[in-house]
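Here Swiss-Prot flags 1-27, 89-96, 168-185, 294-299 as topological domain 'Extracellular'. Swiss-Prot lists 28-52, 63-88, 97-122, 143-167, 186-209, 267-293, 300-323 with the feature transmembrane segment, giving experimental evidence as the kind of evidence. Taken from Swiss-Prot, the feature topological domain 'Cytoplasmic' covers 53-62, 123-142, 210-266, 324-440. Swiss-Prot lists Cys99-Cys180 with the feature disulfide bond. Per Swiss-Prot, serotonin binding site is recorded for Asp106, Asn288. What Swiss-Prot records for 346-392 is region 'Disordered'. The compositional bias 'Polar residues' annotation in Swiss-Prot covers 347-358. The feature compositional bias 'Low complexity' is assigned by Swiss-Prot to 362-371.
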Amino acid sequence: MVPEPGPTANSTPAWGAGPPSAPGGSGWVAAALCVVIALTAAANSLLIALICTQPALRNTSNFFLVSLFTSDLMVGLVVMPPAMLNALYGRWVLARGLCLLWTAFDVMCCSASILNLCLISLDRYLLILSPLRYKLRMTPLRALALVLGAWSLAALASFLPLLLGWHELGHARPPVPGQCRLLASLPFVLVASGLTFFLPSGAICFTYCRILLAARKQAVQVASLTTGMASQASETLQVPRTPRPGVESADSRRLATKHSRKALKASLTLGILLGMFFVTWLPFFVANIVQAVCDCISPGLFDVLTWLGYCNSTMNPIIYPLFMRDFKRALGRFLPCPRCPRERQASLASPSLRTSHSGPRPGLSLQQVLPLPLPPDSDSDSDAGSGGSSGLRLTAQLLLPGEATQDPPLPTRAAAAVNFFNIDPAEPELRPHPLGIPTN
C-alpha cells in the first residue's frame, strides 16, 4: 500500500525519551489489534505450511497463493505490530532509525499483497478460458517470473522512492514532531497508488468479470447438453412404457435449476472476493489522495482506514481457500481431527456412493459430469452397486453407428462450468469423449 508517509532520515522531529502512557480505554483496542495480528500470522503460516507439505497442492496455481500468503504473513509480523504501537500511543515509540525502514516495509508488503491478488486473478482467467493451453502458457518459469516481477515492482515503489526522498518532491509541509507518517507529495501518491492499486484493481475486475461471463455461458451449455443427451438416451432405448409427459420436463427443469445454482454460486463467489478487496483497500487509497491534496484527514481516521487495509491480509487466507475444495480436503488431512479418519474409512468402504447418480460434482472431469459411455476397461463398475453406469453402457450399445457419428463434439471447456475455482491445473489435457460409440 502507499501509507500516509512519515519522516525521513533528514528530518529532526522531537522524539520522546521513552514510550508515553497509553490513553485511557485503549485496552480493548489493543486486545482487538492483537487478535488481528495473531490471526493474520497464524492463518497465513498454516496455509504456507499446508501447500509445502501436501503434494496434491503443489502446482503452478498455488504458487501464486504461496506468494500472496507470504506477503500477508510479512504484513502480520513486520508491519502490524509497530502500527499497533503507533496507533495506541499516538506517536512513534520505537528507535528513530526504524521509522523509515518500517514505512518502506509497509509500502512493499501491502503493495505485494495487492499485486499477488492481481496475479491470482490472471491465473484463474487463463485456467478457465483456455484450460487446454494452460500448461503451455503458465509454465513454472513464467509463474516464477511473474511473482518476482510483482515483488520487484512493490520494492521499487517503496524502498527506492523513500530512500532517495522522491516522496518529498514539491512537498512543503514539515513532518509532525515524534510522528512516523509518510507525508508524501501529490505526484508521488498518484504514481504509487496507480501502480500498486488502481491498475491492479482494474485488471482484477476485468478478469473476474470475464470469468463470470464464461462460467454462466458454460453452465447453460452443460445444462443443454445434459438434457439433450438424456432425452436421446430415452428415445434410443425405446422401452415400452406408459407415457408420462411431465417427467421429461421435470427432469429438464431440475437440471437447469442445478446448473443455474452453480452459476449463481460462481457469481456470489466473485462478488465476495471483489467486494472484500474494494471494501478494505479503496477507502484507504481515496483518503491517501485526499490527504495529499488538502491535508484534511485526521490521524485517527487515517489509522482506521489503514487498519482496514491491513485486514485484507487477515481475510485473504480465509476467503480464498474457502472456495477451493482441494484446500478443504488437504486441511482435513493436515490438522488433527478425530472425525477425519472415520470419514475417510467410510468413504473408502462405500465406493458406490461416488458412482451413484448424485448429479455433477465440482472439480470432476467431463466424463464424470456428463452421462457419457464409459471406456471398455471400466468393468469394475458393472456390478449391482453401479446400475447407472451399466444403463449408460446399454444405451451406448443400442445406438446405431450412423447415428453415433452424427453427434456434434462436446465443447472442451464445458467441464470448467462445474466449479471454476476447483479446476485441477495438473490435468489440462481434457479430450471430449464421442457420444454414442459402442464400448464393446
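Just so it is clear, glycine is given a Cβ too, placed from its N, Cα and C backbone atoms.
Overlay of Swiss-Prot feature records on the structure.
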residue	record	DSSP (3 states)
Cys99	disulfide bond	helix
Asp106	serotonin binding site	helix
Cys180	disulfide bond	coil
Asn288	serotonin binding site	helix
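When the topological domain 'Cytoplasmic' (53-62) is classified with DSSP, helix, strand and coil residues number 7 helix, 0 strand, 3 coil. 97-122 is the stretch from 28-52, 63-88, 97-122, 186-209, 300-323 with the greatest number of Cβ pairs below 8 Å to the transmembrane segment (143-167). Each residue in the topological domain 'Extracellular' (294-299) gets a DSSP state, and the totals come to 2 helix, 0 strand, 4 coil.
Note: the CA-CA distance between Cys99 (disulfide bond) and Asp106 (serotonin binding site) rounds to 10 Å. The stretch with the most CB contacts under 8 Å to the transmembrane segment (63-88), chosen from 28-52, 97-122, 267-293, 300-323, is 28-52. Comparison of 28-52, 186-209, 267-293, 300-323 by number of C-beta pairs under 8 angstroms to the transmembrane segment (97-122) places 186-209 first. Every protein chain shown contributes to the tally, and the Cβ of Asn288 (serotonin binding site) ends up with 26 other Cβ atoms within 10 Å. Other Cβ atoms within 10 Å of the Cβ of Asp106 (serotonin binding site), summed over all protein chains shown, number 27. Taking every protein chain shown into account, Cys99, Cys180 are the disulfide-bonded residues, and of these the Cβ with the most other Cβ atoms within 10 Å belongs to Cys180. The two recorded residues, Asp106 (serotonin binding site) and Cys180 (disulfide bond), show a Cα separation of 12 Å. Taking the C-alpha positions, the distance from Cys180 (disulfide bond) to Asn288 (serotonin binding site) comes to 15 Å. In the predicted model, the topological domain 'Cytoplasmic' (53-62) has a mean pLDDT of 90. DSSP labels the residues of the topological domain 'Cytoplasmic' (123-142) in these numbers: 17 helix, 0 strand, 3 coil.
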